[in-house]
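Asker: Starting off with a structure, shown below.
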Amino acid sequence: MILIIYAHPYPHHSHANKRMLEQARTLEGVEIRSLYQLYPDFNIDIAAEQEALSRADLIVWQHPMQWYSIPPLLKLWIDKVLSHGWAYGHGGTALHGKHLLWAVTTGGGESHFEIGAHPGFDVLSQPLQATAIYCGLNWLPPFAMHCTFICDDETLEGQARHYKQRLLEWQEAHHG
């Protein structure tokens, strides 16, 4: 099962993430948990989230990039749900062998994230990659949709279909 942990603080204003979710919903075996809809008060149901994670083979952290990082509710979710003794540490093997895909949208172009005036995309992914590895997850190459503020509808739809294709290819490779 593919579990998408969706963290968009303003989901009604989303163009790119909305299309990505629409494409993902067309696949069988996909569950989407929208953190800002489930927990508008930031009071996360840890047991429910851990139960959802336990059913997943592929976990996707999908969100818009905010200030070169993740939205605050996703950070809190990571801090609370990936707990010691469950996700890491003594006895913390619940996520071992599962896969993690970081699916992120950005307003800037891909070149905006090259080494130079701004941090490189590989650098920006390191905290998430380190978290994944620490929890025994297999880190997959990220999926990034850039220039979302200026893309036309056709481009956004094409990128969303590419996202669906990434998920489908993972399903086919791991479940025949």
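Glycine is treated like the rest: Cβ placed from N, Cα and C.
Taken from Swiss-Prot, the feature FMN binding site applies to HIS8, SER14, HIS15, ALA16, ASN17, MET65, GLN66, TRP67, TYR68, THR105, THR106, GLY107, GLY108, supported by sequence analysis.
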Asker: For ASN17, GLN66, THR106, listed as binding-site residues, tell me which one has the smallest number of other Cβ atoms within 10 Å.
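Answerer: Counting other Cβ atoms within 10 Å of each of the binding-site residues ASN17, GLN66, THR106, the minimum falls on GLN66.
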Asker: Counting other Cβ atoms within 10 Å of each residue's Cβ, which of the binding-site residues HIS8, HIS15 comes out lowest?
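Answerer: Looking at the binding-site residues HIS8, HIS15, the Cβ with the fewest others within 10 Å is that of HIS15.
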Asker: In terms of DSSP three-state secondary structure, what is the assignment for ASN17 (FMN binding site)?
Answerer: helix
Asker: Can you count the other CB atoms that lie within 10 A of the CB of TYR68 (FMN binding site)?
Answerer: 13
